[in-house]
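The next block holds one structure in the form of structure tokens; read it before the comments.
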Amino acid sequence: MHEFSICQALITQVEQIAISHGALKVQSVKLRIGSLSGVELPLLEHAYPFASAGTLVEGSTLEIERAPLKVNCEACGLESEVKANLLTCRMCGSCLIRVVSGEELTLMSVELITT
């Protein structure tokens, strides 16, 4: 379960942000996660309260936005959304594709309590 270590790294990063802004506590954390990131969302959500215990992040809300899987076809140039189990161009059927989005795990925003 690498989701716990992902949470620990996330909490460390968020705490550094909170401290650098003089925050007393973190209210919410927003992530953007792609379907090809390798992260199991239920496990990440389950690990979050345990990883944040005893930190400025404890008790904060974790919001997760799913990033659509988008590919660019190198044969015809079409950029489109596809399913993770069907990595081919929707227009020409080519397998010569490049993933444009859907692999990311990005910290989008942190809401802080400063007073």
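For all residues, glycine too, the Cβ spot is worked out from N, Cα and C.
Annotation source Swiss-Prot lists Ni(2+) binding site at H2. Residues annotated as Zn(2+) binding site in Swiss-Prot: C73, C76, C89, C92.
Everything Swiss-Prot records as a feature, shown here on the structure.
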residue : record              : DSSP (3 states)
H2      : Ni(2+) binding site : coil
C73     : Zn(2+) binding site : strand
C89     : Zn(2+) binding site : coil
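Taking the Cβ of C73 (Zn(2+) binding site) as reference, residues of its chain lying under 8 Å away and at least six apart in sequence are, in sequence order, E79, S80, C89, M91, C92, S94, L96, I97.
Within the same chain, residues at least 6 positions away in sequence whose Cβ sits under 8 Å from that of C76 (Zn(2+) binding site) are C89, M91, C92, S94. Cβ-based neighbour count (10 Å, all protein chains) for the residue listed as 'Ni(2+) binding site' stands at 12. Of the listed binding-site residues, namely C89, C92, the sparsest Cβ surroundings within 10 Å are found at C92.
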